[in-house]
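Beneath this line is the structure, given in structure tokens, with notes to follow.
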Amino acid sequence: METQEPKDSSPPTEQRILSEELISEGKWVKFEKTTYMDPTGKTRTWETVKLTTRKGKSADAVSVIPVLQRTLHHECIVLVKQFRPPMGGYCLEFPAGLIEDGESPEAAALRELEEETGYKGDIAECSPAVCMDPGLSNCTTHVVTVTINGDDAGNVRPKPKPGDGEFVEVISLPKNDLLTRLDALGAEDRLTVDARVYAYALALKHANAKPFEVPFLKF
């Protein structure tokens with residue numbers, strides 16, 4: 001990124017944005033050159049990608065963690081596999097999508113879950129807005145955990161309702177063996193596991209692992 005030495009050697013109290021210049025804009029995203037001040041007083045530039053759809057919403061999107069619960073079955077995490085042109089291959093992801101105008105994060109999560117998987121669920125919890133790839137864009141999402149009653153008649157044979165141009169395969173994996181299953185699937189050619197899914201699986205593994213023992217100090 002470009003830098004410019006400050007005229008005043010006194011460092012600013014905090015880093016801040018000085019200007020944002022639009023370089024290119026499409027239907028869904030725009031590309032900007034962001035000029036900002038660093039802690040030493042230098043002016044720097046950053047190449048930034050932004051969505052065009054936020055318009056005052058609490059976040060751009062929702063990412064859904066769907067927990068499928070059925071009698072006499074292990075809990076499963078419902079994922080979606082779809083082709084992602086920027087990756088040039090398939091990705092295994094949580095159901096997700098943009099929040100529509102006037103829509104709450106919870107409503108968006110339930111809508112996206114039903115559209116992409118066919119399942120209907122209940123909200124367990126909703127996170128505050130969290131960033132997705134802050135080194136590249138300002139995109140934010142709510143992470144929404146949804147429980148699915150797999151014994152409900154409407155969830156026995158769910159039928160996805162994909163939008164135009166959406167081609168999604170639903171994959172349910174056991175929660176207690178999620179990381180192992182992801183590693184096996186990730187070894188397939190042209191399939192990449194989304195970082196949010198993998199981080200969730202790692203967290204499950206660490207949470208269920210033997211607690212770390214405090215080492216004895218040697219004097």
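The backbone N, Cα and C atoms fix where each Cβ goes, glycine too.
For LEU98 (substrate binding site), the same-chain residues 6+ apart in sequence whose C-beta sits under 8 angstroms from its C-beta are LEU51, THR53, ASP60, ALA61, ALA108. Feature annotation from Swiss-Prot assigns substrate binding site to TRP28, TRP46, GLU47, ARG84, LEU98, ASP133; the stated evidence is similarity to another entry.
Mapped onto three states, the DSSP output places ALA96 (Mg(2+) 1 binding site) in strand. Taken from Swiss-Prot, the feature Mg(2+) 1 binding site applies to ALA96, GLU116, supported by similarity to another entry.
The annotation Mg(2+) 3 binding site is assigned in Swiss-Prot to GLU112, GLU116, GLU166. Applying an 8 A CB threshold to same-chain residues 6+ apart, the list for GLU112 (Mg(2+) 3 binding site) reads VAL62, VAL64, PRO95, ALA96, GLY97. Reduced to three states, the DSSP call for GLU112 (Mg(2+) 3 binding site) is helix.
Residues or ranges marked as Mg(2+) 2 binding site in Swiss-Prot (evidence: similarity to another entry): GLU112.
A coil conformation is recorded for LYS42 (SUMO2 cross-link) in the three-state DSSP classification, outside any helix or strand. Per Swiss-Prot, the feature SUMO2 cross-link maps to LYS42; the stated evidence is similarity to another entry.
Under the heading domain 'Nudix hydrolase', Swiss-Prot lists 57-197, citing sequence analysis as support.
The N-acetylmethionine annotation in Swiss-Prot covers MET1.
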### Task
Quick one: of TRP28, LYS42, TRP46, GLU116, ASP133, which recorded positions lie within 10 angstroms of GLU166 (Mg(2+) 3 binding site), measuring between C-alpha atoms? Sequence order, please.
GLU116
### Message
Between C-alpha atoms, which of these binding-site residues comes nearest to GLU116 (Mg(2+) 1 binding site): TRP46, ARG84, ASP133?
### Response
ARG84
### Residue counts (helix, strand, coil, in that order) that DSSP gives for the domain 'Nudix hydrolase' (57-197)
34 helix, 53 strand, 54 coil
### Query
What is the number of other Cβ atoms found within 10 Å of the Cβ of ASP133 (substrate binding site)?
10
### Message
Rounded to a whole angstrom, what is the C-alpha distance between TRP28 (substrate binding site) and LYS42 (SUMO2 cross-link)?
### Response
32
